[in-house]
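**Student:** Here it is: the structure, laid out below.
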Amino acid sequence: MMRVSEEEAKRIAERLNYRWPDRTVVAVAQEYKSGKVLMVASMNKEAVIKTLTTGIVHYWSKSRKELWVKGATSGHVQVLEKFYYDCDADSVLLVVRQASLIACHEGYRSCFHYKVEEGGVKVEEPSYE
């Protein structure tokens, strides 16, 4: 689990460019072991600081307009292993250990289970690697 001091977390959070109208950055969660992209969400400054200081991933819910801990109710917690931000400082990559076999609220390992193929869309079977 990766954690930093509150002082360092605030310094990092200040470097980010919260350019969207709701003052968030794009957050991509990638599974530590497999490298699989699990989900994309949003983080505001508070979510970044809480994630970095606790080692447990927090997001900003655009629909509910509130901070949420991934897995607080479902048990599908994400533990932070690495934290990166991009060259524009408006997106972050969270390398996480998914505490369960599910990251998606639809019950799949990844939110990216709709595969567009010639002839239509295929829903991939759940993969619990």
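Start at 1 and count along the chain as shown; that gives each residue its number.
Cβ from N, Cα, C; glycine included.
Residues or ranges marked as Mg(2+) binding site by Swiss-Prot on the basis of sequence analysis: D86, D88, D90. The feature Zn(2+) binding site is assigned by Swiss-Prot to C87, C104, C111, with sequence analysis given as support.
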**Student:** Test of understanding: give the count of other CB atoms lying within 10 angstroms of the CB of C87 (Zn(2+) binding site).
**Tutor:** 6
**Student:** Hey, what's the Cβ neighbour count for D90 (Mg(2+) binding site) at 10 Å?
**Tutor:** 15
**Student:** Radius 10 Å, atoms counted are CB only; among the binding-site residues D86, D88, which position scores highest?
**Tutor:** D86
**Student:** What's the CA to CA span in angstrom from D88 (Mg(2+) binding site) over to C111 (Zn(2+) binding site)?
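**Tutor:** Cα of D88 (Mg(2+) binding site) to Cα of C111 (Zn(2+) binding site) measures 25 Å after rounding.
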